[in-house]
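Colleague: The following block contains the structure, expressed as structure tokens.
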Amino acid sequence: MMIPDGKTRWAAVVASPIEHSLSPLIHNTAFQSLGINATYLAFDVSEEELEDAFSGLKAFKGLGFNLSMPNKQEALKYVDCVSEEARLIGAVNTVVNSEGSLTGYNTDGIGFIKSLESEQVFVTDKKVTVLGSGGAGLSIIVALALSDVKKITVFKRPNDNFEAVSDNLQFIAQQTRCEIELLAFGCDTRLTDTIATSDILVNTTNVGMGEGSTDTLVKETSCLIPSLVVVDIIYNPKETQLLEDAKSKGCQTINGLGMLIYQAAEAFKLWTGQDMPVEDVKKAILEHERNL
């Protein structure tokens, strides 16, 4: 283990709560594997404390921040410029400090795309059904739209913000020239018909999260045809009920571990200019899980 000295650089994740974050394990494994004199920390920072945290990032010349809930939207106030993805999503999950100038990025979506590519799944000209339109869902929708998919159909609950989400998705569609349709959960026939004619199905909700959960948004599994790729961004459990059902129907299935790693890899490269040693990181995560 490298001992910090006067030349050690640092980066950190700022969120609340933070104690269960895998980000320190991921980034410190990468720093050590590549022999980079840097360390990665985790700070419990609320929205009210975020301005002070950004002042500290500049004062102590950190490489940058990762941000998680509840700070992704609030961080937009404290950066000097943002990437195209962050602008369209309206949220930042990575900040790069370049001599006091702060640039905000959102690497969730590109991390999702790269996790698919690592499994030989490519999204260009594909029809994609997305379940959910929250923070992670929106990041994925934007990344898909920027990756020239044929059409994105989004399903969400018909709650009070349905119209606001619809307006936001149409803005994204206009900005990216991608066809995006928003539909409400509630009509199982519409959901199953849409899935059956899609190339890729993505669950971005927390339905199915937690060991032992048998919840799934896709109750009628006849739409899970073998040509469909089914992705669930949940990584605990490794195989949700949705993925279990899809695998039994002959679908290719992908869980959320790859997205977790590849979004971190994008941030790592922004800070260091180097590719994250993804295989070393995967091994470290698996070892960590075995020791729990």
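The backbone N, Cα and C atoms fix where each Cβ goes, glycine too.
Not my notes, these are from TrEMBL:
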type     : residues                                                      : note
DOMAIN   : 13-95                                                         : domain 'Shikimate dehydrogenase substrate binding N-terminal'
BINDING  : Ser21, Leu22, Ser23, Ser68, Asn93, Asp108, Tyr235, Gln263     : shikimate binding site
ACT_SITE : Lys72                                                         : active site, proton acceptor
BINDING  : Glu84, Gly132, Ser133, Gly134, Gly135, Ala136, Ile233, Gly256 : NADP(+) binding site
DOMAIN   : 256-286                                                       : domain 'SDH C-terminal'
Colleague: Are there residues at least 6 beyond the ends of the domain 'SDH C-terminal' (256-286) whose Cβ is under 8 Å from a Cβ of it, and what are they?
Modeller: 11, 22-23, 25-27, 29-30, 33-34, 36, 38, 63-64, 66, 93-94, 96, 105, 107-108, 110-112, 114-116, 118-119, 232-235, 238
Colleague: Report the member of Ser21, Ser68, Ser133, Gln263 (the binding-site residues) whose C-beta atom has the most other C-beta atoms within 10 angstroms.
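Modeller: In terms of Cβ crowding, the pick is Gln263.
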Colleague: Should Ser21 (shikimate binding site) be counted as helix, strand, or coil on the basis of DSSP?
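Modeller: Once the DSSP labels are grouped into three classes, Ser21 (shikimate binding site) ends up as coil.
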Colleague: Can you grab the distance from Gln263 (shikimate binding site) over to Ala136 (NADP(+) binding site)? Cα atoms, rounded to a whole Å.
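Modeller: Cα to Cα, Gln263 (shikimate binding site) and Ala136 (NADP(+) binding site) are separated by 11 Å.
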Colleague: Hey, of Ser21, Leu22, Ser23, Ser68, Lys72, Asn93, which of those recorded positions are within 10 Å of Gly256 (NADP(+) binding site), Cα to Cα?
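Modeller: Those close enough: none at all.
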Colleague: Quick one: pull the CA-CA distance for Ala136 (NADP(+) binding site) versus Ser21 (shikimate binding site), whole Å only.
Modeller: 16
Colleague: Taking the Cβ of Leu22 (shikimate binding site) as reference, which residues of that chain separated by at least 6 in sequence fall under 8 Å from it?
Modeller: Leu260, Ile285, His288
Colleague: Quick one, of the binding-site residues Ala136, Ile233, which Cβ has the fewest other Cβ within 10 Å?
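Modeller: It is Ala136 that, of the binding-site residues Ala136, Ile233, has the fewest other Cβ atoms within 10 Å.
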Colleague: Tell me which residues of the chain lie with their Cβ under 8 angstroms from that of Gly134 (NADP(+) binding site), as long as they are six or more apart in sequence?
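Modeller: Non-local contacts for Gly134 (NADP(+) binding site): Thr204, Thr205.
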Colleague: Which of the listed binding-site residues (Gly132, Gly135, Gly256) has the least company, meaning the fewest other Cβ atoms within 10 Å of its Cβ?
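Modeller: Taking Gly132, Gly135, Gly256 as the binding-site residues, the minimal 10 Å Cβ count falls on Gly135.
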Colleague: Of all the binding-site residues given, Glu84, Asp108, which has the fewest Cβ neighbours within 10 Å once its own Cβ is left out?
Modeller: Glu84
Colleague: Can you tell which of the recorded positions (Ser23, Lys72, Asn93, Tyr235) has the fewest other C-beta atoms within 10 angstroms of its C-beta?
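Modeller: Among the recorded positions Ser23, Lys72, Asn93, Tyr235, the sparsest Cβ neighbourhood within 10 Å belongs to Tyr235.
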Colleague: Going by C-alpha positions, which of the binding-site residues (Glu84, Gly132, Gly135) is nearest Ser68 (shikimate binding site)?
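Modeller: Comparing Cα positions, the candidate nearest Ser68 (shikimate binding site) turns out to be Gly135.
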Colleague: What Cα-Cα separation, expressed in whole Å, is found between Tyr235 (shikimate binding site) and Gly135 (NADP(+) binding site)?
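Modeller: With distance taken Cα to Cα, Gly135 (NADP(+) binding site) is 17 Å from Tyr235 (shikimate binding site).
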